[in-house]
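J.: Below you'll find the structure I mean.
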Amino acid sequence: MNPNQKIIAIGSASLGILILNVILHVVSIIVTVLVLNNNGTGLNCNGTIIREYNETVRVERITQWYNTNTIEYIERPSNEYYMNNTEPLCEAQGFAPFSKDNGIRIGSRGHVFVIREPFVSCSPSECRTFFLTQGSLLNDKHSNGTVKDRSPYRTLMSVKIGQSPNVYQARFESVAWSATACHDGKKWMTVGVTGPDNQAVAVVNYGGVPVDIINSWAGDILRTQESSCTCIKGDCYWVMTDGPANRQAKYRIFKAKDGRIIGQTDISFNGGHIEECSCYPNEGKVECICRDNWTGTNRPILVISSDLSYTVGYLCAGIPTDTPRGEDSQFTGSCTSPLGNKGYGVKGFGFRQGTDVWAGRTISRTSRSGFEIIKIRNGWTQNSKDQIRRQVIIDNLNWSGYSGSFTLPVELTKKGCLVPCFWVEMIRGKPEETTIWTSSSSIVMCGVDHKIASWSWHDGAILPFDIDKM
């Protein structure tokens, strides 16, 4: 075969392959159209394709026309049901670590807020850490003087549990130097107290929008729990104090629906003092263990019913759980009266387990260092000293601080009971350490049906920071 014949043969073969390829494509298109039409899903160039992307604060709907995109924003659908929260507390044999934010360690080189009073609260889908910022960052000049409790720069913010209180993930909640927050199953409600000491105001936000307010009724530093409020069947409850920190003050229970106050009642507690209650739901009622900042080293107990009737007294146990306090052996316990004659105090918590009680306390009797949780047999109803369980959370070589309670709802756990959980604040900086600032991180623990070994989950930041050396 001469060269011309070879060229003709190759060209003919190529042309044949090309024609076959075209035929196959035509057949493919015909088959596709027939199949789509038979299935009722034939596409029209004038039709639309809608894709929805669920984001944190909105649903983004993208409508794709032929050669055109139209983007519109539609309201994110809210949860349909209120949480029940009438289940009993689960029995806890020990407490397992749930989260640790390490905020101060990260903040030595990261954009982390200076905070105090962190606490945790949960919705049906997530738990969040709330905290009161000082309007400044760690290792920055504006952190100077942040040992002060109340200032116009303080705000309530939140992050998903386990995240550090950093600039990039924090969500603004309220202007506040005292606060509480909880979720009713549909939306978050926050109560943020701010303003001058003699005319402070509490703003109730629901779904991020101001809905109601509470003005100071005693003109002496209106304040609230610094931990989670409690929602039962859509009604949310919290406790507030107005008046002196070192003598008789005035105390009120508030009840709100969808962020609007629908009830309140004064607590009659002559001779007793209530501040910074740590509350949780249990069998349809709200149970609180509070702080007596006047005289008692035993903790006030408050049990609230849905009609705002209440019982108030002191944790009966013959072991004191406030700080400062005396020796355990010298304490007798009382269900009705403050004992110990030690002023000041620290926010704390406990959980009723039948007639027993789990109670948290600092290991030190005189300072906010170390932390342990102990189980006292019949400690809810009797002056019992029978300590049947002890778990160390922070050893006594490291700083602790406030502590408080919350529960995991059944929507999260799929259990038939509410899991008891607590957090412990670890305060660093002033007044105990040589820094220009005061801030804290936290460790969070949740009840399990197994014993858990003691350990020290302390803060671990190495101080002072660079800003403290200038």
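Yeah, the Cβs are placed from backbone N, Cα and C, and that goes for glycine too.
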J.: Looking at Swiss-Prot, which one out of D266, D307, D322 binds Ca(2+) in the same site as D292, G296?
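T.: Among the candidates, Swiss-Prot records only D322 at this Ca(2+) site.
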J.: Counting every protein chain present, what is the number of Cβ atoms, excluding its own, within 10 Å of the Cβ of D149 (active site, proton donor/acceptor)?
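T.: D149 (active site, proton donor/acceptor): 15 neighbouring Cβ atoms within 10 Å.
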J.: Report the mean pLDDT of the predicted model across the topological domain 'Intravirion' (1-14), rounded to a whole number.
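T.: In the predicted model, the topological domain 'Intravirion' (1-14) has a mean pLDDT of 66.
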